[in-house]
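Chemist: According to Swiss-Prot, the protein carries these features:
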- C144, C147, C197, C200: Zn(2+) 1 binding site (BINDING)
- C161, C164, C183, C186: Zn(2+) 2 binding site (BINDING)
- 5-70: domain 'J' (DOMAIN)
- 144-151: repeat 'CXXCXGXG motif' (REPEAT)
- 161-168: repeat 'CXXCXGXG motif' (REPEAT)
- 183-190: repeat 'CXXCXGXG motif' (REPEAT)
- 197-204: repeat 'CXXCXGXG motif' (REPEAT)
- 131-209: zinc finger (ZN_FING)
Amino acid sequence: MAKRDYYEVLGVSRDVDGKEVKKAYRRLAMKYHPDRNPGDASAEEMFKEATEAYDVLSDDQKRAAYDQFGHAGVDGNAGAGGFGGGASFSDIFGDVFGDIFGGGGGGRTRANRGSDLRYTLDLDLEEAVRGTTVKIRVPSQVECKSCSGSGAEKGTQPETCGTCNGAGQVRMQQGFFSIQQTCPRCRGAGKIVRNPCRSCHGSGYVEEQKTLSVKVPAGVDTGDRIRLSGEGEPGVNGGPPGDLYVQVAVREHKIFTRDGRNLYCEVPISFVDAALGGELEVPTLDGRVKLKIPEETQTGRLFRLRGKGVTPVRGGAPGDLLCRVVVETPVNLTKKQKDLLREFQTSMEESGGQQAPKKHSWFEGVKSFFDDMKF
């Protein structure tokens with residue numbers, strides 16, 4: 001079943017601010033919370049749907065990705081712009097209702113998947129069309145060797161949090177609500193570090209640069225993403241790592257522009273070739289090909305070279321190369337050349353406009369326009 005629009009789910013317009021998004025979610029969460037609707041599967045689904053919508057629309061980066069790409073931009077707890085790790089229902093609900101039940105919904109309360117990361121990969125058009133393999137260097141959080149990931153100074157150990165007894169969560173009861181909240185003392189870690197490691201400052205991780213090999217499939221275009229599973233941030237409390245999303249950005253080409261599977265280029269020709277016709281070589285990504293120019297060709301005419309475009313990344317027939325002719329006006333003429341052109345112009349005028357029909361038609365239209373004007 002297709003997902004509903006997140007703005008529709010919360011009953012808000014697309015231009016509302018974060019406060020209105022939060023207000024709409026509070027209203028729906030109070031109405032459909034499972035503790036208020038025991039055994040009602042429909043209410044539970046409505047609650048989950050509202051929570052999912054709030055998770056995206058309350059985050060500026062996720063919301064921007066959703067506005068641009070729809071559900072595809074935020075599926076898998078990742079968006080085209082933010083790529084934050086996914087939050088659990090209890091985290092989100094605690095964030096919204098923490099002021100009611102005491103304590104905010106800060107850190108993660110259980111084993112959570114690590115955050116996704118994004119890397120922008122600049123490619124030449126030829127690389128994007130043919131495919132390539134590139135090496136990239138990205139920052140990575142790795143386990144601190146000094147403390148073996150405990151976050152505590154060597155020779156010491158973290159203590160079990162006495163507030164939550166190591167669970168990382170405390171249960172709050174208010175009326176018909178019974179909600180697990182992140183422990184305010186240990187922030188969900190379940191442990192307290194009395195003597196933080198000086199290398200990682202108590203986090204258990206240090207940042208290093210790592211080199212990854214990225215296989216770029218043929219046919220990718222700007223905006224396409226390549227997913228490297230498990231290469232994101234490390235998980236929290238034993239959770240799995242996130243993913244690294246490599247986003248493609250194709251550099252501007254000096255000859256070709258791309259539109260989907262088709263390529264476009266401009267081909268300058270002399271006015272003699274335009275008038276008399278001829279044959280010239282034009283570039284393609286596979287080499288040079290002959291292009292026949294018929295006589296009386298005008299600027300702007302498109303010539304299609306079938307199959308000389310791009311094969312889509314998901315397969316299918318290759319596109320075409322469309323060459324747009326631009327008739328070039330000669331410059332730096334000699335006196336003799338100018339005299340010949342004046343002689344040619346005189347002969348053109350004697351033809352009564354038959355050899356320049358567009359020009360003749362335009363001037364006739366202008367003359368008629370002024371004749372019809374009343375002064």
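Placed from the backbone N, Cα and C atoms, the Cβ positions cover glycine too.
Describe each of these features in terms of where it is and what it packs against.
Modeler: The Cβ of C144 (Zn(2+) 1 binding site) lies under 8 Å from the Cβ of G151, C197, S199, C200, S203, G204, Y205, V206, each of which sits 6+ residues away along the same chain.
With a cut-off of 8 Å between CB atoms and residues at least 6 apart in sequence, the same chain places G168, C183, R185, C186, A189, G190, K191, I192 near C161 (Zn(2+) 2 binding site), listed in sequence order.
Sequence-distant contacts of the repeat 'CXXCXGXG motif' (144-151) (same chain, six or more residues past either end, CB-CB distance under 8 Å): 157-158, 193, 196-200, 202-206.
Sequence-distant neighbours of the repeat 'CXXCXGXG motif' (197-204) (same chain, 6+ residues past either end, Cβ-Cβ under 8 Å): 143-147, 149-154.
Broken down with DSSP, the zinc finger (131-209) shows 0 helix, 35 strand, 44 coil.
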Chemist: What are the DSSP helix, strand and coil residue counts for the domain 'J' (5-70)?
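Modeler: Summed over the domain 'J' (5-70), the classes give 48 helix, 0 strand, 18 coil.
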Chemist: Using a 10 Å radius around each Cβ and all protein chains in view, which of these binding-site residues has the most neighbours: C147, C164, C186?
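Modeler: Top count of Cβ atoms within 10 Å goes to C147.
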Chemist: Looking only at the zinc finger (131-209), what is the model's average confidence as pLDDT?
Modeler: 85
Chemist: Cα distance, C147 (Zn(2+) 1 binding site) to C164 (Zn(2+) 2 binding site), nearest Å?
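Modeler: About 24 Å separate the Cα atoms of these two residues.
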